[in-house]
Amino acid sequence: MSALSPKSGSPADCAVTEGHVGLPVLDPPPTAAPDTGKTKNGEWQPYIVGFACNWCTYAGADLAGLSRMQYPPNMRLVRVPCSGRVNPQFVLRAFQKGADAVLVAGCHPGDCHYGTGNYFTRRRFLLMQRLLTFMGVDPRRFQARWISGSEAPKFRDVVTELTEQVRPLGPNRLWREVEP
Amino acid sequence: MRYGYYPGCSLTGTGIEYGLSADAVIRHLNMDMKEIRDWNCCGASSAHNHDPLLSIALPARNLALAEQQGFREVAVPCAACYQRIKAAEVAARDPLKRREMEEVIEEELSGAIVARSLLEIMVHDIDDSALAAQIRRPLQGLKVACYYGCLLVKPRAIAMDEAENPMTMDHLMERLGATPVEWGYKTECCGGSLTLTRPDTGVQMTAEVLKYAKLAGADCVVTPCPLCTSNLDMRQGTAEKKLGRSLGLPIYYFTELMGFAFGLPMKTLGLDRHFVEATGLLQSLPVPASG
Amino acid sequence: MKELHNVNVAMRTLARELLESGTVAGVYGWKKGSRPTLTSPLYIQDAAKADRLAYDQYAVSNLSALLLDHRNNDKKRAIFVKGCDSRGVVRLLQDQQITPEQVLVIGLPCPGMVDEAGSLLTKCAECRFPNPVMADQVLGGVEVSKQPSAPTGVTAEAARKVGVGSRAGERMAQVAQLEGKTAAEKEAYWAEQHDKCIRCYACRNVCPACNCRDCIFDTEKKGWVSKAATSSANAFFAITRAMHVAGRCVDCGECERVCPMDIPIMTVNRKLQQDIEALFGPYDAGVDETVVPPLGRYQTDDPEEFL
Amino acid sequence: MGTVMVSTTVDNSEDFRRRLKEVYGIDTALCYQCGKCAAGCPTAFAMENTVRQLIRMIQMGLIREVLSSYSIWACAACETCSVRCPREVEPARLMESLRIEAQRAGLVSDKTSKTFHDLFLQSVEDHGLLHEVGMMARLNVLTGNLFSNAEFGPAMLAQGKLHFLPKKIENPEAVARIFANVRKKRGEIK
Amino acid sequence: MKRIGVFVCHCGSNIAHTVDCKQVADEAAAMPGVVHAQEYKYMCSEPGQVLIQEAVKEHNLDGYVVTACSPRMHETTFRKCAGRCGLNPYMVEQVNIREHCSWVHADKEAGTEKAIDLMRMGVAKVLKNEPLKAATIPMTKRALVIGAGIAGIQAALDIADNGFPVTLLDREHSIGGRMAQIDKTFPTLDCSACILTPKMVEVAQHPNVELMTYAEVESVGGFIGSFDVTIRKKARYVDTKRCTGCGACIQKCPSKVPSEFEMEMGPRKSIYVPFPQAVPNKPVIDAPHCRYLQTGKCGICKKICPTDAIRFDDQDEVVTERFGTIVVATGYQQFDISAYEEYGGGRIPDVITGMHLERLLNASGPTSGKIKRPSDGKEPKNIVFIKCVGSRDEAKNRPYCSKTCCMYVAKQATLLKEKLPASKSYIFYMDVRTGGKNYEEFYRRTQVDYDGHYIRGRVSKIFQVGDRLIVRGDDSLLGRPVEIEADLVVLAAGMDPQHDARELARTLGIAYDAHGWYTEAHPKLKPVETQTGGIFLAGACQGPKDIPDSVAQGSAAAVKASALLTKTELTGEPMIAQCNEAMCSGCGLCVTICPYKAITRQPKQERIHGKMRERMVSTINSGLCQGCGACTVACPSSAMNMGGFSDEQIMAEVDALCQR
């Protein structure tokens, strides 16, 4: 029952009932898929899916490689033509399939290879980020960044930071698909 | 009732001839206008130097009263009052601000009522032919410097006309038969708000305005503002001393000239209540051939 | 409702005339249901049935989405709308699902809708657009207004008395209350809500903004998400639905009303409305069809948080 | 002229500039010092610092100097600067806010102005209206210029422009409550 | 299921050093669908490619994945390789295990693990790949240049010199544009006409150039390679084929009109050429002012014309022609000073603009180059220049710098001092901006050698008292307001986009900014391109520019246009949007979001419930779509998809990455 409901019911029904408050995050159901982040020496590692636009962020990551910068191996990049190609449903999909965090990255606004794509990206994900937070997702688990083709150090730093930010949060089980 | 009349404090005191002539003209034109009951001071020209909220709350009460009394527009003769009341009207368009104002004045405010200067009402709401029909003594040959002052046209959010070269009153004067002069001081400040606190500064500014009116070849100055008028009229002597030359410029309210052109008695219009003799110039105008 | 007596008479007369003259091929309105507190949708094509039309404070259904049944049809249909319903029609017009030639919009004054117990619906207390935002004709003296406004027309006084729009300023209270909770509490709350969903799609079917020919939740081909009502798939559905109507939701509240599981769907829609306003400036969907919805445009100086 | 230790003054005045922005909506960072405000200011001749310079002083952190200056009280509030400012800084509103801030900070240099405004508002609070004669007389007493403007008295009396007894509106308490409510909002008690 | 091959490259030791390539290949071989997996030292090398080609044949592969360096490096290589063995090039995916893996991770175990994930991602994707083919579109080998100012003339000349036919169009009846009005040019002070006129003649006589003056673009259809441009040729009332330009008609015409070219400071006739060096030098009749056309009385021109060229019954002519590419060079117009009421709003006769002064300085101008002020023809002594009028002024909605005024004011002050040695120029400025070769040096000379008196501050007000102009400004360096009694005030009015710039942009389908300046495709790297393929920008229509910049841009745009014209057909992007019309509801959300205007709503005939119905669906122009994918996300029903980056492919990649 919420504020808009025309059906009967007292406003108190809107609130989370007391029993929920203070309970731990949903216990993983017994049939949940195994955590995607593999354990290394028994230690859990965050597993991050990144969407990178071909023209800026993917190129920035290439430059980080050319410059032999070192960063944690926790992120896997999916190449897309433009950050504007990243459908919010892809982000949800990654969470469903077991990603612990998702990054969407593209050219800085104004530098889009296609002129305007990332302006729409910005609007879309500013909004989605707030919605996910509203639904209880830790904002550290879903981030967007502008990383240009020359910003290899920034790419390295973003991957490093993201990994370290997610590590203390533990595996993400929210919305994880249950294996049949 | 269309217009709620808001005379303001000056129109019974220093600006009494404005009050008298406005009354007479409104009555003569049989306008749909009545004084707002229990109006209070709009706070000009001190509240805004004291507290931004107070400065919109004081005039807002008048808007609320006007709404309650069923008026659609507030007619404001005094330029200073107009500026403050208009500012309150503009502020009330913002729902948050309006709520704050309602809390302070303890009255409801719809934000729909509009404040207008008496000048624009006279020019825009009374059509040419209706005005022309009233004219008995056209102001033939009278060269007037239309002086608007600051408060009707600045700042932009409240302005009833363009800030640098307003023409509303010029058009009105032309319709009355007078010849408005072109001059550069239509909206330069006369120092009205400083006359009590810094009389020296004020009179210097008054003198500049009068000087350029004279240089432009005007016979007189016409204004829509009691502050400007009392300043230009009462302190003209001091200004003359400052300039080292005599000016002899009668200062009229536009309503006085309207009333005169309509043929109303000078006394009714308060034309005998000036510092700079104001009746002679009008009497010297050519009288139109009767019939 | 006595204020609406003449409006009811006028509705019937008008519908009859429109059908008899062939001006329209059908009329969408309401009829009295099995109980006095029930006023349900009615579609008539026969002038003789015009007398069944009825409108009162129980006519809560928004009929606009029903127009989609005729989206590729040249004939004209008439539809009776309250303020909130009219925004649904604008939604369909802006989404080019119907053309102005296909619909004759008849605006009605809204007395404020009440529940069975007679108390004003929350959505009406929070209403900002009690008057139609567009109409080809109006009955009951209601005024068309594209601005948030006070109720007009013959029921204006009644609406004011029951408090239509009186809580418009508090529309976001539920959102704010949830925002104040911890992440764990929010997660638990929404998990409970999503778990309830039975994927009946009633919310989608009634929504004028959900006007796709083929909904991605109906087609298996691409495999966006499983049709099974698992928590995971339900969350995917809930968020995707919300994102698809973000900036396009006309705030009619029908999704939540028809939800058999009492999921607070409008809270999510309102959350998005609130953030859109805060991020991209004021916007009311389904009011002015010439203004592109916020996710279909941008400003180069939009808020920047992704640096 | 002493050197301005900019790194200190600018740093220490961040709060003041933020206050100007949040409370009064004035952003001095907009100003690019073109001087169009000062050039058109009819009272510039009576100021020790022009309005442009005052804005510069705020940008540079010389806040105390600005608040205690006479210039802010010489402003006639004619709004010419605001109308002409190419960057829409609204210098007139800035001057107004500086006058309010000067009173808050107890740095008012022009006591006459302060007394005038206080008396004016007192009159409105008491009667709902301004009583011109009462206010002028008290102003003269309080500022020690007993006969200032007195030369106009007889003529004004004859013209019916002076009323010795204050008029009141029907419901002066309503206006007094406005003053009280504003004070309450500001957290002041009188 | 498709038969997939996986080729793991060692890149010498670049990859093999941190990634166990054998393990990657082994894991690949175990994947469903993978029928062949192989590692090799250098996959991009000739033997490496041969190896791939042989494997494709041997194992009858439907597609393959190369795990190697960045696809930004070698994707084309491996796609071409596929093409050579009969495989569609778009059945190939390359995943990056070098830049994104071996080079950035030291731990071989972690590196190998990540490389395997990426390989799986590639395999999952390629299983969903579909063969793609680029569409080709024909190229019409002909260019249109809109606007015949200096930028347009330069562009037309360069395209023509490259050997392509070009039509140079202008709405005025002479080419030359603003530069023709200017007296002398900074920083060299050579006369504008002396350098412009030869170019005007050259372009008019060029065999590849067709001049189309007194003509306006009405509509533009089509797209790159075949723009169909509808042009209105305005009625001239003079048969240009017969007219010899003798000028007899002009001399005898009795009707005088203020000349636009002379900023209305001098007269012209109703039949006229705008200036003596006009090209083409043939007059037109200004119909609203022509006595004959208005009243039917007069007709002197017709009587006197020795070649019988006057045609009072002339009509506008509308033609549609096809061009492969368009250069837009529509220039600017001077800011209208009426917005500055504080400076008299244009009502004070002796408050003039920079362009007025150009005409007063010009020897063939209305005063024959004598400096006479407009009100009484007197020679001015005190002259005040005010800069940034309609520039850097947010209150007047002109926040930008007009870029040229600092220099043209310095030039005009210099020229005034030369003409009137007794005069004095006071120049109010906020900043003096002289970026440009020899510009700062010129400014220095204005100050030092030509007595230009610079005052730092804006002017607040100008008003007239008698025959004097009172100028009140601030000297911000002095810290005091200043007043000047001037005889003449020159407002350095800035540049505005043409009043109808937006309209033309909408006609052309190109973008413009908040003020109406045309937007380039990239502010740094694509300065003369627009977002619309085949349309280029030259000169001030893109933003305030001086002559050297305009000329440079004209040439740049010409190179871009010529490069297109060398081709007989254009190959489009193969990886572009695709619309599933059965699912499309025609809502048009994709139409507004497409940066290339490649999507239109088109009617589709369809049998619904046994009846033929028409409904609207989105249609993609494969010549315009550049494959950004923005439309795919705007589409809620995902009717819009994209070849090479389809929803299915990306989902498969995500799934493969996560489900390990």
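For all residues, glycine too, the Cβ spot is worked out from N, Cα and C.
Bear in mind that the values here come from a model prediction, so they are computed numbers and not experimental data.
Annotated domain '4Fe-4S ferredoxin-type' per TrEMBL: E:234-264 (among others), in sequence order. Counting same-chain residues at least six beyond the ends of the domain '4Fe-4S ferredoxin-type' (E:234-264), those with a Cβ under 8 angstroms from any Cβ of the stretch are 171, 173, 180-181, 214-216, 270-275, 280-287, 289-291, 293, 298, 300-301, 304-312, 314-317, 352-353, 355-356, 359, 365-366.
For the domain '4Fe-4S ferredoxin-type' (E:281-315), the residues of the chain that approach it from at least six positions outside its boundaries are 173-174, 214, 235-240, 242-250, 252-255, 257, 270-273, judged by C-beta separation under 8 angstroms. The domain '4Fe-4S ferredoxin-type' annotation in TrEMBL covers E:281-315 (among others).
Residues annotated as domain '4Fe-4S ferredoxin-type' in TrEMBL: E:575-604 (among others). Each residue of the domain '4Fe-4S ferredoxin-type' (E:575-604) gets a DSSP state, and the totals for helix, strand and coil are 5 helix, 9 strand, 16 coil.
In the predicted model, residues of the domain '4Fe-4S ferredoxin-type' (E:616-645) average a pLDDT of 94. According to TrEMBL, the feature domain '4Fe-4S ferredoxin-type' maps to E:616-645 (among others).
Look at the domain '4Fe-4S ferredoxin-type' (E:616-645): DSSP puts its residues at 5 helix, 8 strand, 17 coil.
Secondary structure of the domain '4Fe-4S ferredoxin-type' (E:281-315) per DSSP (helix as H, G, I; strand as E, B; remaining residues coil): 13 helix, 3 strand, 19 coil.
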